[in-house]
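K.L.:
Relevant sequence annotations retrieved from Swiss-Prot are reproduced here:
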type    : residues               : note
DOMAIN  : 1-61                   : domain 'TGS'
REGION  : 242-533                : region 'Catalytic'
BINDING : CYS333, HIS384, HIS510 : Zn(2+) binding site
Amino acid sequence: MINIYFNNNLCKQFHRGIKGYDVVADLFPELKNKAIAVKVNGESYDLSREITENCTFEVITTNSEEGLEIIRHDTAHIMAQAVKEIFPDTQITIGPTIKDGFYYDFATEHNFSSNDLEIIEKKMIEIINKNESFIREVWTREEAIKFFSSIGEDYKVKIISKIPNNENITVYKQGNFIDLCRGPHAPSTKTSKSFKLTKVSGSYWQGNSSNEKLQRIYGTAWRNEEELKSYLNNLIEIEKRDHRKIGKELELFHIQNEACGQVFWHKKGWTIYRTIENYIRKKLETNGYIEVKTPMLLNKELWEKSGHWDKFRENMFLSEAEDKVLAIKPMNCPCHIQIFNSKIRSYRDLPIRMAEFGICHRYEASGALHGLMRVRGFTQDDAHIFCTESQVISEALKFCNLLMEVYKDFGFTNILVKFSDRPENRAGSDETWDRAESALKKSVEAANLNYVLNPGDGAFYGPKLEFVLKDAIGREWQCGTLQMDFVLPERLGAYYVGSDGKKHHPIMLHRAILGTFERFIGILIEHHSGKFPIWLAPTQLSILTISEESIEYANSLKTKAEEHNIRVELDATNEKINYKIRNHIHKKIPVFWIVGKKEVNENSVSIRYLESNTQQVMPIDKALKTLLTCVSI
């Protein structure tokens, strides 16, 4: 007999070798139809797997996140089976679950198309409708290598060769299909009915571009058709909001192969960029920051001293001149320490809040680049606060308040804060980490911000806060950071003279609000679907003429608006007014002033807003005053 513990240490005895579904039926009969797997001593088991020792026991249901992940894992196996049945010469490699779905990488001479996805889906439905059981088997290494070699699955053999000798080799069967897998799986294929294959892309074996090219098929799977439909509708909305599409439509920017991963900002996009930069600059000035500018190209010796050479060398763009190796900076922090070190500092000088709109470059594989969201050349709204340990709480609190103020102005009010504490490999004593973590926690609490713990994810040099924005359609974007560093200042010889007359290393707070301008603008485009807040819109006002006799008056309105620094366009073309309105709606300009004979005679304008179908007549002075209120921030 074995003891099975459940529900906070309740215990019941069962025969050794009992299967998970029998335990569920006995202890949790109400979950019998919802169970998809179980946890035995914290390890996920199939419902059909035997339990042979005393253990803790939990039920994994389809309603849980773990249950949904199993459904997606099942569906990946079903897709691999379908592909093998349709394209027998294909080799299967790996097929993990990912956020919202799964993928599988295939080695094949056939180029998968969208038409193929439909064919594969039909075959998957056939497999699912057969209600094939997922059967787990444990094989020896020799058996596994012999079998997968015999069916030409070379990549599976490579995977097996990397599995430690003391680990079991497990495979799963469904029908005639066998795949290498740790599991767990649902009892049968019937739980995978709500799925959709979404796209095909290229990939490389083990993610290394020097290895063989593969083809990756992505899919999504859900508990039911309602969840699937909701997700697919969300995908349509994401596609509508794609910043690359909107960026082209609104003539904001473009990216081309001759400058891979770098942005060509067009006039309107550059207007948004400069508006954000000027806004942030004013916020920095108000909050006591000094703005600096540091070189882009630095001798590798500085990066060796800072420790970045060992960690970031592969991501640096390098150059040689006069027998010296130079690197384009991937970050700004070592440069800011050079400014701090340029003269002797006193404790009375601290805190020093040093900011830079720093242009940085990092090598990213071309396949990883994605519009503005992932680039090689970018500008950070970077700042470093040099302070004493006693100043950390107040400085971190001030930063949290500033960050929340900025996010609110950009239209983000749903912010998740993640607190990352000490990692296993770290510098500094436990006492130092205790004080550092306590200081960051106190600052977040003082700012009235809730946070979730991200255990062990801090940097080796100190704990950190990450600020995650939730956009208009519920996606999360990590932008802001606050990282505490008690290593780099010491490594680069930064010190101040304390009240005791002795040298002390400052604490360095790395902080950013936007992250990078490029990515943040991409997020803004998608969050607002290109319909920017009036203060941020590249064109804030369109003046539309109804007839030729109102052109002179419209020009005077344009001049008046420009005198108040309003970004304005005049459309005095010989088109019908409804056409003009549609055209400027397509441009997503937030405010229209429509002027005809009546408005000329009354010294007024007819106001229409982008999101409204109605118009309001208003005297020009009042209309201007109303607009100025909207564009100010």
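Placement of Cβ uses the backbone N, Cα and C atoms for every residue, glycine included.
Worth saying up front: this structure is predicted, and the values here are computed from it rather than measured.
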K.L.:
Counting by DSSP, what is the helix, strand and coil composition of the domain 'TGS' (1-61)?
P.N.:
11 helix, 30 strand, 20 coil
K.L.:
For the Zn(2+) site given as CYS333, HIS384, HIS510, which other residues of the same chain have their Cβ within 8 Å of the site's Cβ centre?
P.N.:
MET331, ASN332, HIS336, ASP382, ALA383, GLN483, ASP485, LEU488, MET508, LEU509, ARG511
K.L.:
Within 10 Å of its Cβ, which one of these binding-site residues (HIS384, HIS510) has the largest number of other Cβ atoms?
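P.N.:
Neighbour-count leader: HIS384.
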K.L.:
CB neighbours of CYS333 (Zn(2+) binding site) within 10 A?
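P.N.:
There are 20 such Cβ atoms around CYS333 (Zn(2+) binding site).
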K.L.:
For HIS384 (Zn(2+) binding site), which of the three DSSP-derived states applies: helix, strand, or coil?
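P.N.:
DSSP call for HIS384 (Zn(2+) binding site): strand.
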K.L.:
Along the domain 'TGS' (1-61), what average pLDDT does this model show?
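P.N.:
Residues in the domain 'TGS' (1-61) carry a mean pLDDT of 94 in this prediction.
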K.L.:
According to DSSP, does HIS510 (Zn(2+) binding site) fall in a helix, a strand, or coil?
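P.N.:
It is in a strand.
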